[in-house]
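For 1-237, the entry in Swiss-Prot reads region 'Pyrophosphorylase', with the evidence type sequence analysis. What Swiss-Prot records for 12-15, Lys26, Gln78, 83-84, 105-107, Gly144, Glu162, Asn177, Asn235, Arg341, Lys359, Tyr374, Asn385 is UDP-N-acetyl-alpha-D-glucosamine binding site, and it gives sequence analysis as the kind of evidence. Annotation source Swiss-Prot lists Mg(2+) binding site at Asp107, Asn235. Feature annotation from Swiss-Prot assigns region 'Linker' to 238-258. Among the features that Swiss-Prot reports, region 'N-acetyltransferase' is placed at 259-469. Annotation source Swiss-Prot lists active site, proton acceptor at His371. The acetyl-CoA binding site annotation in Swiss-Prot covers Ala388, Asn394, Tyr395, Ser413, Ala431, Arg448.
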Amino acid sequence: MTTNRKFAIAILAAGKGTRLKSKHPKVLHEIAGKPLLDHVVAAAAKVVPPSQIFAIIGHEADRVREAMQASGIQFVEQKEQRGTGHAILQTRDALKDFDDVLVLSGDVPLIRTDTVERLFAFHREHAAAMTILTTEPPDPFGYGRVFRKHAGQSDEVDRIVEQKQLTPEQARNREINSGIYAFRVQPLFANLDKLTTDNPHGEYYLTDMAAILGGASEKVVAIRADDSHEVLGVNTRQDLASLDAHLRLQKCQQLMSAGVSIFKPETCMIDSDVEVGPDTIIEPFVQLLGNTKIGADCHIKSYTVISNSTIGDGVLLRHGCIVDSSKVAARALLGPYCHLRPASDIGEEAHIGNFVETKKTRVGKGSKANHLTYLGDTEIGTGVNIGAGTITCNYDGVNKFGTIIGDNVFVGSDTTLVAPIELGKGSYIGAGSCITENVPDDALAIGRGRQVVKEGWATKKRAEQKKKK
């Protein structure tokens, strides 16, 4: 944001979240794959650099600091949780060189960057000491109502009346205080010590600054948010589920607007940071999680779960695939019901089929493992066929060992490859073999007992059994 005034953002993130009934800090509970606080920081960081964002932390402060360290934001600790006004008081030294501060809530995760920008622009335009972000939700019960001057026809705020103090006439006003504000730093801290704890909870409420600043002849104004969902906070598990569903559906709508087909989007779980290319089809009950990136022209069938993985263009994922922290190149075919564990790297046009599990395995272009196979710590070349029931034995109880399979190798069904081992290019492995030694290029390896046929044996056996009866 371009402005001549130096502008900071403070995020209230010290609360315990008692109604969540959790041992975890409130702001670290997740929706759409990220902590609540992470969503707020993401919106704020598009307005000011992280060095100008101050998270006020308290309950489980060390855990919150550790979880958000990579964001580059600053932290201010509120050692005693004595209310929102007391929280802002802790930032006095941190904000001494700033002209304005915008106060966000770490448990209000749907706030949008453009709303933050609108709020500050409105605040600056009106030269206000305090600007309140308001909204008109379908059901305003429980929220403090904002009353404007001149019978509601003014930007200036007359007063805020809490739910318990509302008269029946006042209760008809649906404009609520969102708890998100912009302040001029100088009048804020000049008057902050006027806050009292004269309320049922014995806390210092930042909301009371509207009356205090107004009484000091400072200008207090309000601006409405476009969407009431933006300012909804999380207090209960029900709130968490509701906002998660809203954010995920919003994500689906964004993807569909960008050319992605999503059938029954309300059944899909797509995290905030997921990217999907155009003309990809996503069937019901698909989960795309974490930092997943899906290419164009893919088809992802129902009950597939992809997390922190990269999928190339034109990949078909049949029903029930699980892909975790892996890469899949263009035009590969997966499933149904395959499991790619971390560090799997599936090449172009490769096939990983029914009940095949891979881990730390690279599969070359056009290679196929279509049925009932485990491939762990394995390097597979191009044009390889892995028969049904093949197992790489990569673990001796202490250490893991690798298997190398060269280009154009044919591995027969029900084969056991005991690592460390290497199969040379173009070699053949007979079905049912247990291979314990390296196989040269273009060789045939058979590691099984020789078949013995005894003609007439079954007839004699049945005759003997009959005599014993």
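Every residue, even glycine, has its Cβ placed from backbone N, Cα and C.
Quick caveat, the model's predicted, so the values are computed rather than measured.
Between the CA atoms of Ala388 (acetyl-CoA binding site) and His371 (active site, proton acceptor) there is a gap of 5 Å, rounded to the nearest whole number. Most Cβ neighbours within 10 Å, among the binding-site residues Asp107, Glu162: Asp107 holds that distinction in the structure as shown. Taking Cβ-Cβ distances under 8 Å and a sequence separation of 6 or more, the neighbours of Arg448 (acetyl-CoA binding site) in its chain are Gly430, Gly432, Ser433, Cys434.
Close to Ser413 (acetyl-CoA binding site) in the fold, though at least 6 residues off in sequence, lie Gly387, Ala388, Gly389, Thr390, Ala431, Gly432, each with a CB less than 8 Å from its CB.
The Cβ of Gly15 (UDP-N-acetyl-alpha-D-glucosamine binding site) lies under 8 Å from the Cβ of Lys26, Val27, Gly58, His59, Gln81, Gly106, Asp107, each of which sits 6+ residues away along the same chain. Between the two most distant C-alpha atoms of the annotated acetyl-CoA binders (Ala388, Asn394, Tyr395, Ser413, Ala431, Arg448) there are 22 Å. When the binding-site residues Gly83, Gly106 are compared by the number of other CB atoms within 10 angstroms of each CB, Gly83 has the fewest. Non-local contacts of Asn394 (acetyl-CoA binding site) by the CB criterion (under 8 A, 6+ apart in sequence, same chain) comprise Gly376, Asp377, Thr378, Lys400, Phe401, Gly402, Thr403, Ala419.
Around Tyr395 (acetyl-CoA binding site), the same-chain residues at least 6 positions away in sequence with a Cβ under 8 Å from its Cβ are Gly376, Phe401. Calculated from their C-alpha atoms, the gap between His371 (active site, proton acceptor) and Asn385 (UDP-N-acetyl-alpha-D-glucosamine binding site) amounts to 11 Å.
Of all the binding-site residues in the record (Leu12, Glu162, Arg341), the one with the smallest CA separation from Asn235 (Mg(2+) binding site) is Leu12. Most other Cβ atoms within 10 A: among the binding-site residues Leu12, Ala388, that distinction falls to Leu12.
The secondary structure of Glu162 (UDP-N-acetyl-alpha-D-glucosamine binding site), as reduced to three states from DSSP, is coil rather than helix or strand. DSSP states for the region 'Linker' (238-258), grouped as helix (H, G, I), strand (E, B) and coil, give 20 helix, 0 strand, 1 coil. Listed in sequence order, Ser367, Lys368, Val409, Phe410, Val411 are the same-chain residues at least 6 apart in sequence whose CB falls under 8 Å from the CB of Asn385 (UDP-N-acetyl-alpha-D-glucosamine binding site). The predicted model assigns the region 'N-acetyltransferase' (259-469) a mean pLDDT of 98.
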